[in-house]
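Some features that Swiss-Prot has for this protein:
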TRANSMEM  3-23  transmembrane segment
TRANSMEM  33-53  transmembrane segment
TRANSMEM  79-99  transmembrane segment
TRANSMEM  109-129  transmembrane segment
TRANSMEM  131-151  transmembrane segment
TRANSMEM  162-182  transmembrane segment
TRANSMEM  210-230  transmembrane segment
TRANSMEM  241-261  transmembrane segment
TRANSMEM  272-292  transmembrane segment
TRANSMEM  331-351  transmembrane segment
TRANSMEM  370-390  transmembrane segment
TRANSMEM  452-472  transmembrane segment
Amino acid sequence: MMLSNLLILPMLLPFLCALILVFLKNNDRISKYLYLGTMTITTIISLMLLIYVQRHRPITLDFGGWSAPFGIQFLGDSLSLIMVTTASFVITLIMAYGFGRGEHKANRYHLPSFILFLSVGVIGSFLTSDLFNLYVMFEIMLLASFVLITLGQSVEQLRAAIIYVVLNIIGSWLFLLGIGLLYKTVGTLNFSHIAMRLNDMGDNRTVTMISLIFLVAFSAKAALVLFMWLPKAYAVLNTELAALFAALMTKVGAYALIRFFTLLFDQHNDLIHPLLATMAAITMVIGAIGVIAYKDIKKIAAYQVIISIGFIILGLGTNTFAGINGAIFYLVNDIVVKTLLFFIIGSLVYITGYRQYQYLNGLAKKEPLFGVAFIIMIFAIGGVPPFSGFPGKVLIFQGALQNGNYIGLALMIITSLIAMYSLFRILFYMYFGDKDGEEVNFKKIPLYRKRILSILVVVVIAIGIAAPVVLNVTSDATELNTSDQLYQKLVNPHLKGED
């Protein structure tokens, strides 16, 4: 019972900290230590819960003494807790990275509070086992992210915010419509209860329509085909906010797609999974076009996010254990790698004052850390062993082969090479670039930011080396979410499909 109560802490601690920070906007030092300490503790608690779940069984927390399906339930299983742990870790580093960026101005806008409110929505989305509360968490994320995009009040930010909000509101409307139709059909909102009742119903046209509604809603959140909001939104954000959005916002949508189309709507595999694979292929191609079409390194980074979403959903679309396992592994890896990517890109813009790669003017010779970090990051994105992207991509390849999706497999290989090429092009100018012989006065990057970059580089290498440990977690997550009977037995054994 006591252990179950700990499940609320990864969401509760950032929420309480965000409220306290509102009243500490004039005290930078206390604010910094408070939010960094809060997210560090949140990461440690999440990791402890993950270790327990791996050694024993999933944890559930029923609020108010009301057991599922009637009450609100949080679920700590391998999938939710590895996502919470990874998200908490990168949020901690992102907030530490922004430590020295005009704190007085940031606190005047309550920037740390809104980052923490966004964290509440992200972590709550991973932990909830209830459909309506997932919607609530998505709306918390949407509200906080809208405020973060518009901070600074420039024309570019407001334009990007309008596109971002309109598309995400449409996604939210579809999500709410799907919830209403699903509740009318099955009479419950709890994940495990929904899974049981949908299995009892078998193939059903109404359920098929509902599953398609959820597919579109989550695709808008994940930037799966419906990516129009992403490049403009990410391009106007400062470094830490761009890293935050790239690491987490699309990943919550991808997580929802994985949870829904393995656990809930698995009886519609013949329709949904080929559609997912097709959408993934389109997304990869669009992302690949984007990374070679621009010289703006922030936009190149944004399209790298789109390509990676295509990789993840291709794994899900294979509808094989290997493919789904690879999708989850790559999802976790991509949170860390995209944080590193946007930290590096943001640092390059800060040092040179330019966003076009041809102005990098041999920067890596003067700042060798960025050259080394960039090379490691490229290999991780490309799936080169022994770096962190390799195990996930191998499993997705394996799943595509088992599924017979040779077109998706070929596109993944081609777009991976294009993604690496676009980054090697930046790297070339970092080492050898010379824009018309001009001298660029490089700014000095603060030492603490170099240390944070170094931490992320070490983690990227460690994930690749310790891949068997991570794969144990992702394999358990895959097994639980692809087996309705196992999920019911371990999560809500008291529920019956006909109740």
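From the backbone N, Cα and C atoms, a Cβ is placed for every residue, glycine too.
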- Item | Contacting positions for the transmembrane segment (210-230) when only residues 6+ beyond its ends and CB under 8 Å are counted | 138, 160, 163-164, 167-168, 170-172, 174-175, 177-178, 181-182, 185, 249-254, 256-257, 260-261, 265, 268, 271-272, 275-276, 279-280, 282-283, 286-287, 302, 305-306, 309-310, 313
- Name the range, of those listed as 3-23, 162-182, 272-292, 331-351, 452-472, that has the largest tally of Cβ pairs under 8 Å with the transmembrane segment (79-99). 331-351
- Task: Could you pull out which residues elsewhere in the chain have a CB under 8 Å from any CB of the transmembrane segment (452-472), counting only those six or more residues past its ends?
- Result: 54, 82, 93, 96-97, 325, 329, 332-333, 336-337, 339-340, 343-344, 347, 369-370, 372-373, 376-377, 380, 385-391
- Query: So which of 3-23, 33-53, 162-182, 241-261, 331-351 has the most C-beta pairs under 8 Å when paired with the transmembrane segment (109-129)?
  - Reply: 3-23
- Same chain, outside the transmembrane segment (241-261) by at least 6, Cβ under 8 Å from its Cβ: which residues? 79, 83, 87, 90-91, 94, 97, 115, 118, 122, 125-126, 134, 138, 141, 145, 148-149, 151, 191, 211, 214-215, 218-224, 230, 233-234, 272-273, 276, 298, 301-302, 305, 309, 312-313, 316, 324, 327-328, 331, 334-336, 338-339, 341-343, 345-346, 481
- Taking residues 6+ outside the transmembrane segment (33-53), which of them lie with a CB under 8 Å of any CB in it? 3, 6-7, 9-10, 13-14, 16-17, 20-21, 24, 59, 76-78, 81-82, 84-85, 88-89, 91-92, 95-96, 99, 112, 115-116, 119, 123, 473
